[in-house]
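Summarising the annotation, Swiss-Prot assigns Zn(2+) binding site to C13, C16, C35, C38 and lists sequence analysis as the type of evidence. The ATP binding site annotation in Swiss-Prot covers P119, T120, G121, S122, G123, K124, T125, L126. Look at Swiss-Prot and you will find 1-54 tagged as domain 'ClpX-type ZB', backed by sequence analysis.
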Amino acid sequence: MSRRNDSSENLTCSFCGKSQDEVKKLIAGPTVYICDECIELCNDIIAEESKLEEAMGPDVKKLPKPREIKDVLDEYVIGQDRAKKILAVAVYNHYKRIESMGKPSDVEMQKSNILLLGPTGSGKTLLAQTLARILRVPFAMADATNLTEAGYVGEDVENIILNLLQAADYDVERAQKGIIYIDEIDKIARKSDSPSITRDVSGEGVQQALLKIIEGTVASVPPKGGRKHPQQEFLKVDTSNILFICGGAFAGLDNIIQQRIGVKTLGFGADVKSKVEKKAGELLTDVTPEDLLKFGFIPEFIGRLPVLATLHELDEAAMVQILKEPKSALVKQYQKLFEMEHVKLKFTDGSLVAIAREALKRKTGARGLRSILENAMLDIMYEIPSQTMVKEVVISEDVIYNREKPIIVYESVAESA
């Protein structure tokens, strides 16, 4: 409602008492009025309370149950049901453990850090990001291949904590209840089974450096990033309650498991009678700490990641589902973009299968879907904003396979009239 009223009555805000002449806007309810200044004040109070709730971290009473966590994960990640159940239970127990720490107990609960094993593009990073979003906690990512021991050229492991602190807007309390995802963790495996005489600054040395922050230590972090120097004051961050999720493809681990359990993979010369045939991805579900030890991880590092979750390689059907079903599905995103131009975008079933098959050829998992779509959609997305009378665009499999132009349906003269 406008702040002015044609009647001679001078209206006032029911909350602060200011008249309509003293404020910019006066909004009417059934029997009350509220001014723009009071609305702004209410918004500030609500925002402040939200910040306070976030600073306290997830409340166990409000913490989603494992089933509820998995239900939300299902909206964003297709398949991988067992991995999602493992993650949901581990995360729920982690934050219950934090809540119980202030209470007297004769049982000491250890932190349940997680190791995710699965091929590239199977959803490891997306699972970790979605978990942080569900729980409303700060989230940071790091690439293990960039990490080196302190004193060597490369990224110091304590920079991971700095990234989390930045995600929490330098709120130490919030950061201490956050989630850190370390990708490509398999790349810091020791290069051989025997301890190296020479310094392995990007392998075993990094494992040793990560041990401290993963198990729980008080890390000294520069307040605004940058290099450490003696005169600098540091922020102290306790990592005891930070949940660490480490992920990797672990190429070659299936061979180690195969040797241990005596299973032959599919191929010429496989003994069908005495051996059970399994694909590489299926073998990873049988992984044990001993297999990871042989792969090149030190026993202490394996011990700090007690929860193991395996993700399977995505097949064609899963790829098609990923394209159209999740909340952030690429098909839905492109349809929304076209909708903004008042154009309907349709993908034929054949086109979705074609995109999935092309992605499988690239062996990059779901990660390859976007680049295939971007390439196929470039020309039509360039043209559509400049065209009028376009009603519908249809993407067929020929657009994907043969780079043909999409089918464009125009409005009839009668419709436009």
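Here, residue 1 is simply the first one shown, and the rest follow in order.
Every residue, even glycine, has its Cβ placed from backbone N, Cα and C.
Apart from P119, T120, G121, S122, G123, K124, T125, L126, the ATP site neighbourhood in this chain, defined by C-beta within 8 angstroms of the site C-beta centre, holds G118, G247, L311, G365, A366, R367. In this view, G121 (ATP binding site) is surrounded by 23 other Cβ atoms within 10 Å of its Cβ, with every protein chain counted. It is 59 Å from the Cα atom of T120 (ATP binding site) to that of C16 (Zn(2+) binding site). Look at the binding-site residues C13, C16, C35, C38, L126 and count other Cβ atoms within 10 Å of each Cβ; C16 has the fewest. For the binding-site residues T120, S122, T125, the greatest number of Cβ atoms within 10 Å around a candidate Cβ is found at S122. In the shown protein chains, 26 other C-beta atoms lie within 10 A of the C-beta of K124 (ATP binding site). Take the CB of G123 (ATP binding site) and look out to 10 A: across all protein chains shown you find 28 other CB atoms. Comparing C38 (Zn(2+) binding site) with G121 (ATP binding site), their Cα atoms are 49 Å apart once rounded. Listed in chain order, the extra residues whose Cβ falls within 8 Å of the Cβ center of the Zn(2+) site residues C13, C16, C35, C38 are S14, F15, G17, K18, V23, L26, Y33, I34, D36, E37, I39.
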